[in-house]
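J.: Pasting a structure here, questions to come.
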């Protein structure tokens, strides 16, 4: 189907070209005939004018006999005859127009300086120039276009789009290539060599550390000689060492408690001690149970007290501490046994506090808890 359409279009184009050639030949023939007619009319007018002049010269008596008014003579002298108004340059221009190839381009070659005369010759030429039949032919020829083919138009548009896209892609590639930094071969080689040297040093250090680990760990913990087995064996060995350390610390604590029990004196002389001595010993035991530790850091005081349990002891101690210009920031209470209590105070010294050293603070706290 496409081949048939193309053949039909080519045949139509061929017919149109033949019609144009025939029209052009007819126009040339018409131009030649009209130019010949114009030439004949000009020659007739010239011959007619010469005959009139000869008649006037041959018959002077008639001119003398005829009485012409003076005003008519002046009008004849002022108004030239239409036959004498014709100029040779315009005629030569008309003859030169016969050599033109296209009849519709005559107006471009007319002389613009020649004035318009009311002569039959000029009217005929103007009629020829503005012939409506010729203008219709010219418009038909100019308006005749090739038949519309949507496939060809679509292909041409696709080609244009592809060309535009290709040009844009090439420009982008050129820009990208320009933006890339150009490196010399020497710089690339130097970078490669430095990278190789750094990698060698890293591997060497890793091998040294792995060898040191392998020498410390027993061989029973290393199943293979690779890096993963060495690291895994080291982790297992460290865990076992931690367990052994915890067990040894527990054994040490148990031995210390047994030694303290053996050192308690078993003396029967205590049975014969008098009641006075027993009272004094009880007081010493009570005082020995009271333990006070004070640490001073600038305006902050950490106070730890261990004493026997008494009713209302904590409230009374807090009131007395406030009287000594201490503010309680934090308090922690623990009771290791039913008869003993330990207090942990976090205090802040105010500006009006007279106690500055740790010894003074411990002495004041001892008085509070002994009373």
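Our numbering is plain: 1 for the first residue shown, then up by one each step along the chain.
Just so it is clear, glycine is given a Cβ too, placed from its N, Cα and C backbone atoms.
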J.: Of the ranges 106-141, 214-249, 250-285, which one does Swiss-Prot list as region 'Disordered'?
T.: 250-285
J.: Counting by DSSP, what is the helix, strand and coil composition of the domain 'bHLH' (190-241)?
T.: 45 helix, 0 strand, 7 coil
J.: Taking only the residues in the domain 'bHLH' (190-241), give me the average pLDDT of this model.
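T.: Over the domain 'bHLH' (190-241), the predicted model scores a mean pLDDT of 88.
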